[in-house]
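Participant: Would you mind keeping the following structure in view while I ask a few things?
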2 protein chains.
Amino acid sequence: MKKIKIQVPATVANLVCGFDILGMAIHEPYDEMELKLLDSPEIIIRHTDHFGLPEEPSKNVAGVVLLNIQQHLKLTTGFEVIIHKHIKPGSGLGSSAASAAGAALGANILLGNILSDEEMVHFAMYGEELASGVRHADNIAPCIYGGITLVKSSSPIDIIPLNTPDLFVTAVHPQVEVKTSDARQILKKNILLKDAVEQWGNIAGLVAGILKNDIPLMGRSLNDVLIEPVRSILIPQFNEIKTKSLQAGALGGGISGSGPSIFMLAEKKETAESIARLMKSAYNEIDIESFVYVSKINPSGIKIIKEDE
Amino acid sequence: MKKIKIQVPATVANLVCGFDILGMAIHEPYDEMELKLLDSPEIIIRHTDHFGLPEEPSKNVAGVVLLNIQQHLKLTTGFEVIIHKHIKPGSGLGSSAASAAGAALGANILLGNILSDEEMVHFAMYGEELASGVRHADNIAPCIYGGITLVKSSSPIDIIPLNTPDLFVTAVHPQVEVKTSDARQILKKNILLKDAVEQWGNIAGLVAGILKNDIPLMGRSLNDVLIEPVRSILIPQFNEIKTKSLQAGALGGGISGSGPSIFMLAEKKETAESIARLMKSAYNEIDIESFVYVSKINPSGIKIIKEDE
């Protein structure tokens, strides 16, 4: 009976200015998933974590992805999945995307690599739809492709893998709740053309910086004039952490996805670690528990740890 | 007495989706400018063309650039400039930018290359300000840097030279007047966030396509959901020309700058030439005179033809 074990990384969507189009895989935190092909057509999901996520396949992010794969490919086989989740749901670090992308990529390996990358993204988006009501790929894409990805369009799926700058990422997850739906509703539906022009100047600069490996250009481009000023209100200590991180030498950073996690990029490990300390103490000051992660940008996304025939 | 002769190319601003930030130098049409350093501090401008542009330095695009250089550098010398203009004013092909950038780059050579590229752009923008009331650099930058340029910001000046894809450009200038100020006023000041997201997905895709030399990606990204639907109304035969050009094999294209010129990109010379023919006949049909130019993207911008000590 074929089975595999995979490591599925957290991801940072938006990358400051690239709202809804850019995403980046990191190394820490990550989920582990064990997937097994079953002779019978049933789908079994088990969580070893204590986040209380539903295990009924049609209500589980990984389950719904597998149900769709099974149905679309008219499989007579099923899947058993054990999820060891370490990326906390609601953190803004791509927890649902990890389960969704892990299910799609894991199933594809068990089935003998019959799906293209775009097809894996297509199926994984059913998981995002279940989790947030929106078929979006900005966290799924970096899970599957690795590095930094551009979702030029999610319908039709058009994903451009960019590059993996040699940078450290510090991410902090304060234990406050920001619902993705609230973070989306708070945004203005109408924006000024002149602000949009400034935003796409930064987006173009960021994409050019990533592809030319021009670190200072990346830094100059990490500015969000549209989303961050609105959403950061929902995140305690955001301004303090951002200001102090830049003073400590961060290249730039902002809200991870729709928050509440905050991420910062840095060239040196020592800088990333000093940012981790200042993040931690900013939340200690106001008695909010937080989890801090330091790792590099992850060039390969989901990693196969073990594969048995 | 030191003098030089330079060839200053036409430029295509916006490049469909990159409103106010992208620009591209082409080979045809181009202006010729002869610049001479004078012992006395006067500035003399002469036009050999018949466009009726003012020759008084403070009212002339090249003149105002030279006045600012002279004043800022506290020069005791002056300049004589003879302009042979072939890029028609009001064409949307960067006619004023050519005079402005030619004056700045030409003066810099005569002065012994004392200005940086950014400083040349800075001074040239005085010419654009005179011509259109706005200090913008999207046509000036490709004149000075060549190829395709990104104006990430014009204040402070932050210009990123991108690349020169190996493509042909067909541009048509129909003899109708579209004032830059009208083309700007017709735009909505407020736009939908969701349209902006689609636009910056295309911008990011176009920049990535240019830098990765991915021609199909460039083609898929040449879509403007915000500006073209509004401005194209001012340009007769726009939809017919765009549709037929795509049918003839164009990679994509749209309004050049604020119009009325239209440009199309193509991989093969024969395609570019067949597009030229269909553009010409679209305007013949409705008895509007037009000028059509076929050339490649110009990698080097302004070219020095002759330099005398």
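Please read every residue number as a count from 1 along the shown chain.
Positions of Cβ are set from backbone N, Cα and C atoms, glycine also.
Relevant sequence annotations retrieved from TrEMBL are reproduced here:
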BINDING   B:Lys88, B:Pro89, B:Gly90, B:Ser91, B:Gly92, B:Leu93, B:Gly94, B:Ser95, B:Ser96, B:Ala97, B:Ala98  ATP binding site
DOMAIN    B:65-147  domain 'GHMP kinase N-terminal'
DOMAIN    B:207-284  domain 'GHMP kinase C-terminal'
Participant: Compile a sequence-ordered list of residues in the same chain as B:Ser96 (ATP binding site), six or more apart from it, whose Cβ lies below 8 A from its Cβ; state 'none' when nothing qualifies.
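Facilitator: Listed in sequence order, they are B:Val61, B:Pro89, B:Gly127, B:Glu128, B:Leu130, B:Ala131, B:Ser132, B:Asn139.
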Participant: Could you tell me which three-state DSSP class B:Lys88 (ATP binding site) falls into?
Facilitator: coil
Participant: Can you tell me how many other Cβ atoms are located within 10 Å of the Cβ belonging to B:Ala98 (ATP binding site)?
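Facilitator: Cβ-Cβ neighbours of B:Ala98 (ATP binding site) within 10 Å number 32.
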Participant: For the domain 'GHMP kinase N-terminal' (B:65-147), jot down how many residues DSSP puts in helix, in strand and in coil.
Facilitator: 46 helix, 7 strand, 30 coil
Participant: List, in sequence order, the same-chain residues at least six positions removed whose CB sits under 8 Å from that of B:Gly94 (ATP binding site)?
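Facilitator: In sequence order, B:Ala10, B:Thr11, B:Val12, B:Ala13, B:Gly23, B:Ile87, B:Asn139, B:Cys143, B:Gly257 meet the Cβ cut-off.
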Participant: Pop the mean pLDDT for the domain 'GHMP kinase C-terminal' (B:207-284) in here, whole number is fine.
Facilitator: 97
Participant: If you count other Cβ atoms within 10 Å of each one's Cβ, which of the binding-site residues B:Gly90, B:Gly92 has the most?
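Facilitator: Answer returned by the neighbour count: B:Gly92.
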Participant: Does B:Lys88 (ATP binding site) have same-chain partners at least 6 apart in sequence with Cβ under 8 Å from its own Cβ, and which are they?
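Facilitator: Residues satisfying the criterion: B:Pro29, B:Phe51, B:Ser95, B:His173, B:Phe291.
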Participant: What are the helix, strand and coil residue counts for the domain 'GHMP kinase C-terminal' (B:207-284) according to DSSP?
Facilitator: 46 helix, 9 strand, 23 coil
Participant: With a radius of 8 angstroms around the mean position of the C-beta atoms of B:Lys88, B:Pro89, B:Gly90, B:Ser91, B:Gly92, B:Leu93, B:Gly94, B:Ser95, B:Ser96, B:Ala97, B:Ala98, what other residues of the same chain does the ATP site pick up?
Facilitator: B:Ala10, B:Ile87, B:Asn139, B:Gly257
